[in-house]
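Peer 1: Before I ask anything, let me first share the structure, which is written out below as structure tokens.
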Amino acid sequence: MPTPNAASPQAKGFRRAVSELDAKQAEAIMSPRFVGRRQSLIQDARKEREKAEAAASSSESAEAAAWLERDGEAVLTLLFALPPTRPPALTRAIKVFETFEAHLHHLETRPAQPLRAGSPPLECFVRCEVPGPVVPALLSALRRVAEDVRAAGESKVLWFPRKVSELDKCHHLVTKFDPDLDLDHPGFSDQAYRQRRKLIAEIAFQYKQGDPIPHVEYTAEETATWKEVYSTLRGLYPTHACREHLEAFELLERFCGYREDRIPQLEDVSRFLKERTGFQLRPAAGLLSARDFLASLAFRVFQCTQYIRHASSPMHSPEPECCHELLGHVPMLADRTFAQFSQDIGLASLGVSDEEIEKLSTLYWFTVEFGLCKQNGEVKAYGAGLLSSYGELLHSLSEEPEIRAFDPDAAAVQPYQDQTYQPVYFVSESFSDAKDKLRSYASRIQRPFSVKFDPYTLAIDVLDSPHAIRHALDGVQDEMQALAHALNAIS
């Protein structure tokens, strides 16, 4: 049952907490600029789904779009039923293909399954090639002589990367809250900031998977912005951040150059994460499409921006930037259980429909970005959107928002707030519990295969046949034998 956030001793009224800050911090947190619209993966996923639905408003146009076009010729794969008629329906169907000058590559008939009284006795499978413009007319004519005409291409699997090197293709930026495009962006009127952003973004555009991430020489103003964000948030972490974040943050300060007067370099941080959990960073020029971003997680690759928020708005950014990535995401990705949780979301996204991408993006929003967890009888923050935003971190653990137990089915369809602070947060019993619930949710997503990440080849194994599954089981058996040997050695 939803409850107000009364689980933490530090919970208090949000406005009371803000009133205890100095005037500058309070103004920054409550200003319209701070609570302005934020970008998220959900917006992009929703746009992609709506675009797909618009394209599918006509069933025939949707079918035509699904078929492969080659030099103006449409390659069709069709299934249809043949009713018992005079003249035979097969003869009439072949006549349709002749009329539209189709080149038949394959034609096969088989008894309909299951055969019921009154149902057509035969099904027909046809693969053919016809001029693209005549596809709608051919379908219309075929439906007059056959039943249940459908295209096998309608259930085609969308492309997704199979090898880590193919992440070079996963760099599609969405229309974003950009200093060049949006009047409300704090950097819109700052030409120097806009040019700086373009210069840093070029690193991401030129990057190839496996290359060292080029260093950025940050300016004095950028470092000053980092210092204000770093020192302000660091003072709040001991009472508001989860244990895993605190432990990783201490290690990052000891071994990775995290400090007030220096912005960490992505290459150094990436090497640290690789040793801890196998995650790596990859430079990104801005907010990526939801499908591309989630696919990267499947390979334990986190697409990470290098530019920093504008100096006039240090307490908040409406888009991904390095304070959000380095202070919010990176410490959590250094935890093994949370890293696995993040990868599981990515694996669940591979090859699924736009509708499922939107749901997974919403799940990501309410967990990885704005998630809460229980620890030692208190509620703590683990979401990067909370841990990189002073005002939202205060708000999330105050008495104002509604706190609900984490349920992936509910979180995946929960309306989110991008105009101000979240009115609803989901709290997990533990990361392990959240991981188990996510895997249960992902197992119900409809796709004609399963996937498995191979950490040796950094590739995705598609489990779509008995042979592929047997091959995967061989690897599991090898690991089990090694563990059994280890148990024998210590017993």
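Every residue, even glycine, has its Cβ placed from backbone N, Cα and C.
Pasting the feature list from Swiss-Prot:
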BINDING   HIS324, HIS329, GLU369  Fe cation binding site
MOD_RES   SER19  phosphoserine
MOD_RES   SER31  phosphoserine
MOD_RES   SER40  phosphoserine
MOD_RES   SER465  phosphoserine
SITE      ASP418  site 'Important for substrate specificity'
Peer 1: At the level of the C-alpha atoms, what whole-angstrom distance separates GLU369 (Fe cation binding site) and SER465 (phosphoserine)?
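Peer 2: Taking the Cα atoms only, GLU369 (Fe cation binding site) lies 36 Å from SER465 (phosphoserine).
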Peer 1: Taking 8 Å from the centroid of the Cβ atoms of HIS324, HIS329, GLU369 as the cut-off, which other residues in that chain fall inside it around the Fe cation site?
Peer 2: PRO320, GLU325, GLY328, VAL368, GLY383, ALA384, GLY385, LEU387, SER388
Peer 1: Could you state the whole-number distance in Å separating the C-alpha atoms of HIS329 (Fe cation binding site) and SER465 (phosphoserine)?
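Peer 2: If we compare the Cα positions of HIS329 (Fe cation binding site) and SER465 (phosphoserine), the gap is 36 Å.
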Peer 1: Measuring CB to CB from SER465 (phosphoserine), give everything in the same chain under 8 Å that is also at least six residues away in sequence.
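Peer 2: Counting only residues 6 or more apart in sequence, SER465 (phosphoserine) has no Cβ neighbour under 8 Å.
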Peer 1: What is the number of other Cβ atoms found within 10 Å of the Cβ of GLU369 (Fe cation binding site)?
Peer 2: 24
Peer 1: Sequence gap of 6 or more, Cβ distance under 8 Å: name the residues on the same chain that satisfy this around HIS324 (Fe cation binding site), in order along the sequence.
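Peer 2: When sequence neighbours closer than 6 are ignored, HIS324 (Fe cation binding site) has THR305, SER317, ALA384, GLY385, SER388, SER389 within Cβ distance under 8 Å.
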Peer 1: Looking only at Cβ atoms, how many others are within 10 Å of the one on HIS329 (Fe cation binding site)?
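Peer 2: Total other Cβ atoms inside 10 Å, all chains included: 24.
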